[in-house]
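Take this structure, written in structure tokens, and hold onto it; I'll ask about it next.
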Amino acid sequence: MARGNQTSTFEFLLWGLSEQPEQQRILFLLFLWMYLVTVTGNLLIVLAIVTHVRLHTPMYFFLASLSCDDILFTSTTVPKALVNIHSQSRTISYAGCLVQLYFFLTFGDMDIFLLATMAYDRFVAICHPLHYTMIMSLRRCSLLVTACWTLTNLVAMTHTFLMFHLSFCFKKVIQDFYCDLGPLMKIACSDTRINELVLLFLGGAVILIPFLLILVSYIRIVSAILRVPSAQGRRKAFSTCGSHLAVVSLCFVTVIKAYLCPSSSSSNSVVEDIAATVMYTVVTPLLNPFIYSLRNKDMKEALVRILRGKISFS
């Protein structure tokens, strides 16, 4: 198809969440509930951190960044899916698809990068406690988050730019409820070898390097904790990492299931792939605020103060 026509009138069809008409209303209400809970929960986390002086530390600065990213990440895909379910339409424009792809990659990769940064923060706090405030200064924390945003934007721009140069056949169905690299490359009518190579190396690096950094950080952390003489000290040290480890496990398990496990082109496999992506794009951001708030005494106190209307910005 010609490039000029493609940018002006071309549309994709999204597979959606289900092809069963009787399930559409249930799916709409379920996804609307999950989206509202995700946005509300993460906003409460951010508000608690901003308004509670005891939470003005590097660990919670990164947590607030993660909560903001989770809101943006979920908002990239779920509202469009809700509109399509409500209007009983599965179309998305060519430009809208590429815009959604860019922001999906940016916020999705940012989640992984922030988790690696938070692991480094825990490593410094436990292995170098006397120098923690000097190493994890506000300036350095800001630089780390800025570096994460810069890298994720560069990665997203690279993939989106390469996708822009592909040609697509008319009325092709994207086997997902949003635009992603894999499903888009499957329906391309032109050669996708360069896209696949970039996805293999660049996408692999985005997942593998943060994972290795997290792994090394926690090997050093566990080694340091095991040298603590008192059992109470070891429990306290492990408790500071428990929430982060739970979120890391949830994130990487769903990412591996959604993107690294091979799938066939059968309809059952498509349903399984969509279920995996729902876990990664909707369920994980939904659970993150609950994991951090339920396992953290300071966070629970801050949230209780907010719910009681005791808010003080400082």
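Backbone N, Cα and C define each Cβ position, glycine as well.
Annotations for this protein, taken from TrEMBL, read as follows:
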type     : residues : note
TRANSMEM : 26-50    : transmembrane segment
DOMAIN   : 41-292   : domain 'G-protein coupled receptors family 1 profile'
TRANSMEM : 101-120  : transmembrane segment
TRANSMEM : 141-162  : transmembrane segment
TRANSMEM : 197-216  : transmembrane segment
TRANSMEM : 237-259  : transmembrane segment
TRANSMEM : 274-294  : transmembrane segment
Please indicate, using numbers and ranges, the residues of the same chain that are 6 or more beyond the transmembrane segment (26-50) and have a C-beta under 8 Å from a C-beta there.
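Sequence-remote neighbours of the transmembrane segment (26-50) are 17-18, 56, 60-61, 63-64, 67-68, 70-71, 74-75, 78-79, 81-82, 85-86, 282-283, 285-286, 288-290, 292-293, 299, 302-303, 305-306, 311, 313.
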Between the transmembrane segment (237-259) and the stretches 101-120, 141-162, 197-216, work out which stretch tops the count of Cβ pairs under 8 Å.
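The listed stretch sharing the most Cβ pairs with the transmembrane segment (237-259) is 101-120.
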Is the transmembrane segment (101-120) packed against any residues at least 6 beyond its ends, judged by a Cβ distance under 8 Å, and which are they?
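Distant Cβ neighbours of the transmembrane segment (101-120) are 59, 62-63, 65-66, 69-70, 72-73, 76-77, 144-145, 148-149, 151-153, 155-157, 159-160, 163, 178-181, 184, 206-207, 209-211, 213-214, 217-218, 244, 247-248, 251, 255, 280-281.
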